[in-house]
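Student: Mind looking over this structure? Questions follow.
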Amino acid sequence: MATPVVTKTAWKLQEIVAHASNVSSLVLGKGSGRLLATGGDDCRVNLWSINKPNCIMSLTGHTSPVESVRLNTPEELIVAGSQSGSIRVWDLEAAKILRTLVGHKANICSLDFHPYGEFVASGSQDTNIKLWDIRRKGCVFRYRGHSQAVRCLRFSPDGKWLASAADDHTVKLWDLTAGKMMSEFPGHTGPVNVVEFHPNEYLLASGSSDRTIRFWDLEKFQVVSCIEGEPGPVRSVLFNPDGCCLYSGCQDSLRVYGWEPERCFDVVLVNWGKVADLAICNDQLIGVAFSQSNVSSYVVDLTRVTRTGAVAQDPVQDSRPLAQQPPPPSAPLRRIYERPSTTCSKPQRVKQNSESERRSPSSEDDRDERESRAEIQNAEDYNEIFQPKNSISRTPPRRSEPFPAPPEDDMATAKEAAKPSPAMDTQLPVPNLEVLPWPQVVTSTPAPKAEPAIIPATRNEPIGLKASDFLPAVKIPQQTELVDEDAMSQIRKGHDTMCVVLTSRHKNLDSVRAVWTTGDIKTSVDSAVAINDLSVVVDLLNIVNQKASLWKLDLCTTVLPQIEKLLQSKYESYVQTGCTSLKLILQRFLPLITDILAAPPSVGVDISREERLHKCRLCYKQLKSISGLVRSKSGLSGRHGSAFRELHLLMASLD
């Protein structure tokens, strides 16, 4: 593909060979505008970082070409649908498959994630729309009404509605809570390719192959305005984040539209061919297009695009003066979405599905999941972007730097580029403090003082912590201490890092909670242990300890090694949680363990007894290992000493 002429408004960013065979689908991450996912005829899903040449990760497992891909807003999950009708959901941070969803009988043409819940909507060439609960691996609803392939699905910002566009020239609006169609919007004379909800108002935009864009009022269920005369089929539309205008991606151009009345604010020439998806970040619009196995990305500087005001008569020229005016403040013409503060409510009823959808996971499904894998092609980029589990960085960051525009060929522009300008980013790159290890321990005193072995859970002053632990190393020997302003500035820089740590912990707890809600306590504890984060284990044990009946013998075999780690922790709250859990185990199961181990062998074969005997032996071995630790700490004074002495008395029978 020929490189387009670089202008002050739009330029080509890069071109990559995305797959060994033709690219069949691609999508941009809407959260950062920096992550790109592609699906190809080689049955793979590849992930890329915009403006980087190498593939980050390749997801395998599909046995037919991938027809549709979609990233959720936090860019933690990706869903891919294939020609065979199967859907696979991947956890990008864990680099593993979460679910395989089977139920469609033809190509998956469209997908979308629910904005507030663990749900995915899928549209197929079989004309059906299905709503999936990816936590329970099942279909919640099936919506019927279209007569041809469903090409686009979009959830409303409040998560209550689902809009669908199809080859039957119609747009339909579905009520998720009632499980029925609210309204149908006819009027297009060609297949409808895209639909998009207004970010604030009850307004829907749809683009069609008949070269028209229609705006629909979702309160009155009628057309607001219709824009005709597009240079080609409308392949992608996107509202500005503040809702002031609509961007339309057409053949080799970007058009900026308003409605009520319909008008074109601006036209930007972009040689992107058939653009497939759009995203906005840092006042830049990123567009991606594909041709055969190549994928190209383009950038449009929105600060130089007219988004409100007079109607544009001609395409954007280099000599055109900047026309950037903020939209006049005014009250919305329609109601705005009421976004819930928590996850969306479950549907009021569950529709009975066919036998193939109700069946339990078969051995074939399990085999598919075993064969599905994530091949990390570039470990450095993967760690930079996803930072799985307890890592503290999440890159691309939410406040990432804009893409710098390439220099122009004429000398006048070269001189201009040397001067500071908002259009050209000439500042030195700011180091990303979020990728620094946490905490960065640097001792500023020549003779470190002895720190207490335990950090109290409640205190009025930070015992065992020094401000110098959170400051960078002093490079100048004569400068032994920082002034207060510099110290406070350095400490504040760790705020974003701590927020990322807490967000990661919240995500891990959400994954454990998702398993907990199924009623399988043992599996939820196993998942918490697998995360390898003691803070998650402590939070889970604090819940289990409140209800002693939740404790089972097989649960003890998993928790006891974690309790041993908690008892050796320097945090008082961790030690107390470990002591409470160990006390419950000793009171409920130690007599049972000793009795079963002392009983004579049974006559014949008793499988359940053998399993119980194996668990008791394992628990006994773990308790013996912990008893030495308890004995060594029973001489401590204060609250800890009292707890360990009580445990030592309970474990006396082990000796």
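In case you wondered, yes, glycine gets a Cβ from its N, Cα and C as well.
Below, the features straight out of TrEMBL:
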- 340-351: compositional bias 'Polar residues' (COMPBIAS)
- 352-374: compositional bias 'Basic and acidic residues' (COMPBIAS)
- 311-424: region 'Disordered' (REGION)
- 16-58: repeat 'WD' (REPEAT)
- 59-100: repeat 'WD' (REPEAT)
- 101-142: repeat 'WD' (REPEAT)
- 143-184: repeat 'WD' (REPEAT)
- 185-226: repeat 'WD' (REPEAT)
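Give me the structural setting of these features: burial, nearby parts and distances.
Tutor: Away from its own ends, the repeat 'WD' (16-58) comes close to residues 64-71, 73-75, 78, 80, 82, 90, 92, 95, 276-282, 284, 286, 288, 290, 292-297, 374-378, 381-382, 385, 396-398, 400, 403 of its chain (Cβ-Cβ under 8 Å, at least six residues beyond either end).
Restricting the average to the repeat 'WD' (59-100) gives a pLDDT of 90.
Taking H, G and I as helix, E and B as strand and the rest as coil, DSSP gives the repeat 'WD' (143-184) the counts 0 helix, 23 strand, 19 coil.
Broken down by DSSP into helix, strand and coil, the repeat 'WD' (185-226) contains 0 helix, 24 strand, 18 coil.
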Student: So how many of the residues in the repeat 'WD' (101-142) end up helix, strand or coil by DSSP?
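Tutor: With helix first, then strand, then coil, the repeat 'WD' (101-142) has 0 helix, 23 strand, 19 coil.
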Student: Who are the chain neighbours of the repeat 'WD' (59-100) in space, where the CB to CB distance is under 8 Å and they lie at least 6 residues beyond its ends?
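Tutor: For the repeat 'WD' (59-100), the nonlocal Cβ contacts are 24-32, 35, 37-47, 106-113, 115, 120, 122, 124, 126, 132, 134, 137, 365, 368-369, 371-376, 382, 386-389, 507.
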Student: Residue list, the repeat 'WD' (185-226) vs rest of chain: Cβ under 8 Å, 6 or more residues beyond ends.
Tutor: 148, 151-152, 154-157, 161, 163-173, 232-239, 241-243, 246, 248, 257, 259-262, 332-337
